[in-house]
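The active site, proton donor/acceptor feature in TrEMBL is assigned to H149. As annotated by TrEMBL, NAD(+) binding site applies to G8, F9, N10, G11, S12, M13, G93, T94, S95, A119, S120, N121, F122. The (S)-2,3,4,5-tetrahydrodipicolinate binding site annotation in TrEMBL covers H150, G159, T160. As annotated by TrEMBL, domain 'Dihydrodipicolinate reductase N-terminal' applies to 2-122. As annotated by TrEMBL, domain 'Dihydrodipicolinate reductase C-terminal' applies to 126-256.
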Amino acid sequence: MINVIVSGFNGSMGQKAVKMVNESTDMQLVAGFNPVVKDLNPENYGLNKNVKIFNQVSKIDTKADVWIDFSIPSAVFDNTKFAIGKGIRPVIGTSGMSEDQTAELKKMADAKGLGGIIASNFGLSAVLMMKFAQVAAKYFDESEIVEKHHEDKIDAPSGTALNTARLIYQARGHEQIPHSNNDPMHTRGGDYHGIKIHALRLPGFVADEEVIFGGVGETLTISQSTTDRESFMTGVKLAIHEIMSIDHLVIGLEQII
Ligand SMILES: NC(=O)C1=CN([C@@H]2O[C@H](COP(=O)(O)OP(=O)(O)OC[C@H]3O[C@@H](n4cnc5c(N)ncnc54)[C@H](OP(=O)(O)O)[C@@H]3O)[C@@H](O)[C@H]2O)C=CC1
Ligand SMILES: O=C(O)C1=N[C@H](C(=O)O)C[C@H](O)C1
């Protein structure tokens, strides 16, 4: 049995993760973590009475194999460090970590021989979109990204948009055409090494992304649309099974599918 702690257990994604764990025959939820909650009675969250609820990381004493994290950008680095320190395999979906933070966590986990994953997106359509964008990047020198999310999303740009830009940048062998910064009202979005990222936050969206490549007399648009957060759980479940048998931390679901 794979024992799982869900960090951010009562958030939108945390609840989906809890449901996925509860419906899996080879996993069991042993604890939920959220420093914001006051009520530590699991039954008040619809959970089994044996599940422990923690609101202080220092009090977490439950033995676990996997730490699923769908919390908030400002907390995910420390949460993951805690999990790795305790020898709990991290499965991290929370966005907002810097490249340096991700690299530091990988170094920590690898040094301990601990399997784990940090994935900007656990959805198949987004992973494929990023793969296709890497292919297209070799043929088109210019591209922009438009990401559209629900109005409650804290961070911008999304982790997926940043990761898409990184992958495009790498696929081009780091050669980018410089763009002008003459944009006093920031109407041209953010800039990742010459790749513009535009972030929309509106009710009606869950998570969508378009990567638009422009060439002479033609454009190519690769787009994906998430309509239900349930879609992320296939990737989370697959990742949990995979990281149980590896001895290092992988960055991106594409590394294991
Ligand atoms: N990789 C992927 O495939 C996906 C990633 N995400 C990412 O997952 C994250 C969560 O998204 P979502 O569920 O929509 O957000 P929510 O705001 O719905 O959930 C976040 C939860 O984390 C809680 N929380 C606050 N502080 C901490 C902390 N220090 N440690 C643990 N939990 C904490 C919040 O509590 P409270 O509300 O009480 O403040 C809330 O319950 C975001 O970064 C999002 O971008 C989302 C979808 C897919
Ligand atoms: O906050 C969200 O909703 C999502 N966050 C992730 C991101 O920042 O890329 C993944 C997906 O876009 C949904």
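Each Cβ is built from the backbone N, Cα and C atoms, and glycine gets one as well.
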Contacting binding-site residues for ligand 2, chosen from N10, S95, S120 when the Cβ sits under 6 angstroms of any of its atoms: S95, S120
Residue with minimal Cβ packing [other Cβ atoms within 10 Å] among the recorded positions H149, H150: H150
Per-region confidence, the domain 'Dihydrodipicolinate reductase C-terminal' (126-256) (mean pLDDT, whole number): 94
Candidate with the highest Cβ count within 10 Å, taken from the binding-site residues N10, S12, S95, S120: S120
In sequence order, the recorded positions (H149, H150, G159) whose C-alpha falls within 10 A of F122 (NAD(+) binding site): none
Close-lying recorded positions around ligand 1 among S12, F122, H149, H150, T160, where CB distance stays under 6 Å: S12, F122
